Each structure stands twice: as C-alpha cells, then as structure tokens.
Amino acid sequence: MAIYSQVPWTLPRYKFEVKVHPLAATSNLQPDDGYKIELRAENTVDKYPAKQHARRVAAQIRQGLGLIFLMGQKSTLHEDSDQERSLRQRRYFFYLSGVDEADCDLTYDIKTDKLTLYVPDFDLRRAIWMGPTLERKAALRKFDVDEVNYHSALDEDVKKWAKNQDTGSTIYLLHGSQGPAENPPNVTIDSKALKLAMDACRVIKDEHEIQLIRRANDISAAAHLEILRGIKSMSNESHIEGSFLNTSVSLGAHKQAYQIIAASGSNAATLHYSKNNEPLKGRQFVCLDAGAEWNCYASDVTRTFPITHQWPSIEAKQIYQLVQEMQESCIALVKEGVRYLDLHFLAHSILIKGFLTLGIFKGGTLDEVKKSGASLLFFPHGLGHHIGLEVHDVSPQSIMAQGINDDSNNILILPTCVSPCTTSSPALISGMVITIEPGIYFSQLALDNAKPEQLKYIDMARVKNYMAVGGVRIEDDILVTKTGYENLTKVPKGDDMLEIIRQGKKGNDSPCVDRPTW
C-alpha cells in the first residue's frame, strides 16, 4: 500500500495543501520510486491571532484590570561594527502581536480589551538605505491589533492611561528593565505575573500555531529528504549543512530554529556538536539534527543514517533498531493525561533490556542496572521537550528547573531534563507539541568519568565493539490530542530511509519539493 497523507492548512495570506508520499503502488519501494512533497498555495487571509492570545493571557493573570506592556526586539549593531545583527524577535512580544519587525512595542488594556501596536517613526535616511519601516495603516491591515501608533506616542499614551486609573492599578512587564521610560506614580509595576501567565498559555498551541509548526516540519522534511537523496555524493559534514540550508531557504524558511548538528562518526556522541566540518570517509553514521523555522515557530527533527544505503556494521544496525524501538514505543503511548516522565522511564527500560541482550550490560537485573544509573552514560538527556516559538519551548514551570530523583523508578533525572520531562511537570494536555527524541551515544568522555556503581554493570570489552557507531538519535515532533497524537514529522526512518539513500537523485529531483507559487 502506498504511503499517502494529505494535510490542508491555513497560514497568513496562503492556504497550503501538502502531500507526502512515495511514488509507489505498493509498500515495497522499487528502483524508480521516490518520496515527494507537494506544496500548493492559494490566497487567503488569516492573521496571527494576537488578540486571542492577549485575552488568554489576561485571563491567566486574573486581576481584571491593568496594562500589559511588552517591548519588541530593537535594532542593534555587532560590537565594534556598523553591521546590524540579524533580527530574532522576542518570542513573548511575538505571541501578543504576530510582528516580526524590529523596534516595535505593544500595550494591551485588559479592561477595555484594546491591543495597541507601536511601530517606528518614519526615518527618511533609514528608508533610503534599508527600505521603509511599517506604516500605520499597513500594519493595521496586516496584524490582529486594534490600533497602530508611532513609537513617539508610546510614553505619552502610557501616562494618559495611568491618569484614568485608580491608584494601585498595575502595569505588567516581562522584565523590570523593559518598561515605560517613566513609571507613572499611581500604578504598581509587576514583573512576575506576566511571564507566568504567558508561559501557561504558550504551552497549549491553538490551531494557527499548530499549522505554523506543521509548515516548519514540512520544510524540514523536504530538506532531510534532499540530504538522504544526495548523501552518497557528499564527502564532508559541511555539505550536509549546506544542503539543508539551501532547501530551507529555497522554500522560504530563511532562519533555522537552532544551529544545525551534522555529526558524523564519533562526533555524534557530542549531543550539540556544531563544527560540521569533518570528512565523512570512514564514518559509520551521520546524526543530522536540523529544523527550519517558519514565522518564528520551530521544528526539531533528527535522523541518523549511514553514508551508503546499507547498514555499515551489525553493531550500527543493532543500535539504530534499538533507538527506533525506544522512540516508536514511546510515541505510541502519547495522549492527553499521560505523564511524559513515564515515557522517559520506558525509554530507559527498553535501552537496558536491549543492552542486556547485546551483552553491553552484564551481571544485573533490569531494576539493578536502572538503579545504578548506568543507562545514563549512554542516554544522558531527557526524552524530549515542548516545542513552539522556542525550540525548547516554555512550560508552566521554568524549563531550566533542577531535576529531581524519582525513587519509584530509580532513574536519575538530570538538570538537562526539561519540562515535560521532570517530576513536577503536569500530565500531557491536548494541544501540547512535544518532541520524542531518544538516543544512544558511545562517548569515551562519559565512560572515562563513570562511577564505580555504573561500571559494575558494563562490559567494557563489549562496548569497544560499538564505539565506532558514535551516536544514534531519532526525533519527531508530536502533537498531543485527547485520544492520542499526530506525528508532524514526515521523514522516513529505518529501511525506508535506506531505500531513499539507495535510489539517490533522479532527473530533476533537486530540490525534492515543489516550491509554492506565492
């Protein structure tokens, strides 16, 4: 049976129809088969729902009155240079505006339900050199706001608002340093409640946000497929990075959600390897962790693959299949109400059972090995994280919170485990988008610093046979639903992946995605 999925969605100005399918009539790919992603666009109007977001945040604050004040990212120069830094919009500002332009601010009057955007005043010299900035009428048409004023009116508007408020009214700031030029004397400044309220809202994605993440994933899928098709002609990690960037930009994604990781051989044992400059010759696997960004929303996709269309060694195949089992078993259990941490524990249990079978672990039961923490030497990070405006997106608690031991499972949760992979994280809720990204890594540094209670269960002679594997990670972006999940990542794995590599590029396969006509 041919694999076929059709996903229509709406983005600002365009409606896209996406089809991801192998061009085959049966489940077995044939030499002339291939994966193709089709993107078709038609004009529509669908603004980013900034006003809806503002109302949700205000409801979370629960104070009834007050003014939300948010500053956007300012234009800045590189140190000791006249060259501007690339804009990366402040994500909290974007959530309440949908504006990906520099030097803008906003206010939201909770009582009157009025969302006001402030755009830069016209600057003739800058317009001649850089092009015009946002004009008020154009901004009002483009963004989901009630009013647009020039930035020069901001301070006076805040003063006017304060004069009409009772003493003790509140201005809500994200940070104490990001407020009005002068704090009105009759109002209270609160720099704590707003972030907590926005984090609680951002963790549950609305339909518009889901479609943006879906779009980012489809562009990433196209880029990953292009690399699988061309990997046999690549000789350096830099070629992989360059190919991913080329496909992403050609499809309109000019920014990456994070720095590309194109790690071959033992480099894949470094979780966030980023040099991407070493030759591929003699390496067994490449671990490619790369995700495009679309309209400030991230994708996060990892695939591990050989340089050729065959498993490079029996050890490489064993580890890949074990990681794939870890991932597929965890994804299958995702639904509302599930505790994500239990999926993390499940992944460790599958790893331990697999290592006991392979002889990498020895001399203990599953529970004994688990209690020792030996599996953490090979799987040292959390199973995944939230994804949205940030690749490691926010949650109701700080994503940098210190981890805690869970005595019921005897698995140490490291500080690198972030929400929802902590003991204090709430159960999964419909509308969350999470990653499931188990990995197995053979890091000499980790093994050299292992504790005696961990080494007790490790057959180091056996481990040596696997060191050349480097590292294997497989990662998908998963939308939580009330009854299950939707996998937003459409990149082949396992044998399907090997078949794509074997087929290589044919004819006009580059790029492997039909560019939308916008």
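Glycine too: its Cβ is placed from the backbone N, Cα and C atoms.
Here Swiss-Prot flags D289, D300, E475 as Mn(2+) 2 binding site. Listed in sequence order, A257, Y258, D289, G291, I387, V391, T435, E437, E475, D477 are the same-chain residues six or more apart from D300 (Mn(2+) 2 binding site) with CB atoms under 8 A from its CB.
Annotation comment: Swiss-Prot describes D300, E437, E475 as Mn(2+) 1 binding site. Secondary structure from DSSP puts D300 (Mn(2+) 2 binding site) in coil.
A 10 Å cutoff on Cβ-Cβ distances gives E475 (Mn(2+) 2 binding site) a total of 23 other Cβ atoms nearby, all chains included. One way to see the shell of the Mn(2+) 1 site is to take the Cβ centroid of D300, E437, E475; the remaining same-chain residues with a Cβ within 8 Å of it are D289, G291, V301, T302, G384, T435, I436, R473, I474, D476, D477. Apart from the site residues D289, D300, E475, the chain places the Cβ of A290, G291, V301, T302, T435, E437, R473 no farther than 8 Å from the centroid of the site's Cβ atoms, the recorded Mn(2+) 2 location.
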